[in-house]
Amino acid sequence: MPCKGCMEQDNVSTGATMEFILLGFSELLHLRVLLFFTFLIVHLVTLAGNMMIFIAVVMEPSRPPMLFFLGQLSAVELCYTLVIVPKALLSLAVGGSPISMLGCATQMHFFVALGGAECFLLAAMAYDRYVAVCQPLRYAALMGEGLCLRLALACALGAFTVALGLTVAVFRLPFCQPCCIDHFFCDVPAVLRLACTQGYAAELALLAACVLLLLLPFLLILASYLCIAVALLGVTSLVGRGKAFSTCISHLAITLLHYGCATFIYIRPKSNYSPAQDKVVSLVYTNVTPLMYPLIYSLRNKEIRGILRKMLRKKKIGEL
């Protein structure tokens, strides 16, 4: 579709009044209705699942650290989908959606910040599993409520600071016309593709953010699980190994889902950018992955299953 809002501007623009056009899935207009209702249903189920886990964690008076971090993760996922999916649904409904430069920058900032906070939370959860498996006798002393709160705050502040720096660096660049973003939200690679700069200078900020938000937490997670693996080698009982491993499997599954998609999208040069592939993978980590989190944890986490059963029993008693 033509970018009318862009054609009225100069060939290069950095002004705050500049308007982008999110093309979304304009090449699949014949499937617009099917895609809209599919995404809407997935979005509503995702919100319901994460809200259910968050409420369950909040209502539990004695929260172990893993449950506390799970509540934080569900809150991040709720915000994550709300930042992206409503605008994507609007784009599907009208066949392309305009967004101001300020709106695009705001969406990018919160998307990167929430994704980064999730990476840091996964690292904090890996440390929690390391202490639980490798130092069980000191677990209660090491993973106190104060440390958990400080870790959660550090995850949020660190991610929002890095995201702010990346967003400022991206939107200081001059943008070439037409300013149609071939995506359903203001993702960093899609916006960088519109930059008029030559070479890899525009990608340095993204590279730095990837190191801080992706590589650093991943190394911490890897170090935690290497220590866990070494500790499990010393356990002779198969039952003991299985019990220790079962406490980590949910976290490992979510980590693989999150990092698999993020690595494909962000850790590569701009020359390898493929709008079609990126939109497919982005659909996974903005729609499917947040939907999988509640399913994985509600099925694998005994505390969550217990809390949900108590909530259902209270609801049935109230109905009676």
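Cβ coordinates come from backbone N, Cα and C, glycine included.
What TrEMBL records for 49-297 is domain 'G-protein coupled receptors family 1 profile'. The annotation transmembrane segment is assigned in TrEMBL to 33-59, 66-88, 108-127, 147-168, 204-233, 245-268, 280-299.
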Legend entry - Spatial neighbours of the transmembrane segment (280-299) far in sequence, C-beta under 8 Å, 6+ residues away: 39, 42-43, 45-46, 49-50, 52-53, 70, 73-74, 77, 80-81, 84-85, 88, 183-185, 187, 250, 253-254, 257-258, 261-262, 264-265, 305, 308
Inset, instruction - Could you give the residue numbers and ranges of same-chain residues that sit at least 6 residues beyond the transmembrane segment (66-88) on either side and whose C-beta is under 8 angstroms from one of its C-beta atoms? - result: 22, 24, 39, 43, 46-47, 50-51, 53-54, 57-58, 60, 97, 99, 107, 110-111, 114-115, 117-118, 121-122, 124-125, 128-129, 132, 145, 148, 151-152, 155, 184-185, 254, 286-287, 290, 293-294, 297, 301, 303-304
Legend entry - Close approaches to the transmembrane segment (204-233) from elsewhere in its chain (Cβ under 8 angstroms; 6 or more beyond its ends): 112, 115-116, 119-120, 122-123, 126-127, 129-130, 133-134, 158-159, 162-163, 165-166, 169-170, 188-189, 192, 241, 244-245, 248, 252, 255, 259, 262-263, 266-267
Legend entry - the domain 'G-protein coupled receptors family 1 profile' (49-297) [mean pLDDT, rounded to integer]: 84
